[in-house]
Amino acid sequence: MNFLLSWIHWGLAALLYFHNAKVLQAAPAQGDGDRQQGEVISFLTVYERSACRPVETMVDIFQEYPDEVEYIFKPSCVALMRCGGCCNDEALECVPTEVYNVTMEIMKLKPFQSQHIHPMSFQQHSKCECRPKKEVRIRQENHCEPCSERRKHLYKQDPLTCKCSCKFTDSRCKSKQLELNERTCRCEKPRR
């Protein structure tokens, strides 16, 4: 069902795209410099800009080189092309499928000791795609057997370990003047 809805969704988007192709050719490729304040941006433009694709992103150098804490970098961040945007499905994430390295000259300062311009390598993303999120892949790979054929509603299951445990807690049972039977996962009358 989700597959069919996805195809319909993309079909409508393609139809809108081709229908408004002339409008897009006239629109600026990046930025809103030519737009008037208060002007409404068309759905197709908004949709296209939100798609999963490489976008210029400011990246903190310490994020890329976390072990070089003894230095101060100038500039402290660099503009890199990185995957960004929406995948229109919460089970998917925008990830790079093609990358390359770029070398930039960065000033490395060691307080009260030295400073020099040093070539540093950074990864840029050239192609991006929507792919299943890691936790979704793990859950799909580790498909668990059900806890119990009978009385499934009484159990909860950890999707990572497949361990089954009682859905009800002892405190919940006690609030009803009952006791939790851990073998059956039911709240029962206390034995006397």
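Just so it is clear, glycine is given a Cβ too, placed from its N, Cα and C backbone atoms.
Per Swiss-Prot, the feature disulfide bond maps to C52-C94 (among others). DSSP assigns C94 (disulfide bond) to a strand segment in the three-state reduction. C94 (disulfide bond) has a Cβ environment of 20 other Cβ atoms inside 10 Å.
Under the heading disulfide bond, Swiss-Prot lists C83-C128 (among others), citing similarity to another entry as support. All protein chains shown were included, and the count of other CB atoms within 10 Å of the CB of C83 (disulfide bond) stands at 21.
Positions annotated as disulfide bond by Swiss-Prot: C87-C130 (among others). Less than 8 angstroms from the CB of C130 (disulfide bond) sit C52, C87, N88, D89, L92, E93, C94, V95, each of them six or more residues away in the same chain.
According to Swiss-Prot, the feature N-linked glycosylation site maps to N101. Residue density at N101 (N-linked glycosylation site): 8 other Cβ atoms are found within 10 A of its Cβ, drawing on all protein chains shown.
The signal peptide annotation in Swiss-Prot covers 1-26.
In this structure the C-alpha atoms belonging to C83 (disulfide bond) and N101 (N-linked glycosylation site) are separated by 15 Å. C87 (disulfide bond) has a Cβ environment of 19 other Cβ atoms inside 10 Å. Geometry remark: C128 (disulfide bond) versus N101 (N-linked glycosylation site), CA distance 16 Å. Just so you know, the Cβ of C128 (disulfide bond) picks up 23 other Cβ atoms within 10 Å once every protein chain is counted.
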